[in-house]
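Below: the structure, in structure tokens.
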């Protein structure tokens, strides 16, 4: 089984930057995308945009050469999650995610659903603890350990299930690399260049700090999408990361 994404339009990038597309308007999103270069980043499409504009929007981004992280955080019974992940793979996305709190059977089913896709399978990542969550939020759910402890517990379960990595906060990255190894990919939201506002992400870090901490892919949103010159902003961040590599 192979994905439907066109390999001829895909442009390979070695940038760790994933730009979060958080737009309410399709035309505005595409106008932004047409200002940037797929060699400088990948793109993340989340629940709102995918619900509004559907798979065809993902295809339009792919036709422009971009790798897509489909950030839908599947969390369901194992069979349903597996079918959803397979549908994402058939769409040809570069990365897809599930909630680790869905449990081992769900994550294993999702991983096994990607086996028929072979080398065309997307990276399968699990969400540990959302970056907006604090200890008090977890306590409301009956979780008495800290966000960092809970994230590490879920990351360990994710690795046991054979997934490619986790979404985690940058503060957890150093420990996770030590605990789970270099091949276990770390995807981190809440990354903001120096001087950017924190927004609704509580646990934040600069791109240079994230790279030094062991983050493999860093999700950056408004500091790029709201920049007066997003193409130059991306080039500046990439250059700063190469300088720290």
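Any Cβ shown, glycine's included, is placed from N, Cα and C.
Here Swiss-Prot flags 22, 44, 71-80, 131, 192, 201, 221-222 as substrate binding site. Listed in sequence order, 46, 48, 49, 221, 222, 225 are the same-chain residues at least 6 apart in sequence whose CB falls under 8 Å from the CB of residue 22 (substrate binding site).
Residues or ranges marked as active site, proton donor in Swiss-Prot (evidence: sequence analysis): 73. Annotation for residue 73 (active site, proton donor): spatial neighbours 47, 97, 98, 99, 127, criterion Cβ-Cβ under 8 Å with sequence separation of six or more.
Secondary structure from DSSP puts residue 78 (substrate binding site) in a helix. Between the candidate binding-site residues, 78, 221, the densest Cβ environment within 10 Å is the one around 221.
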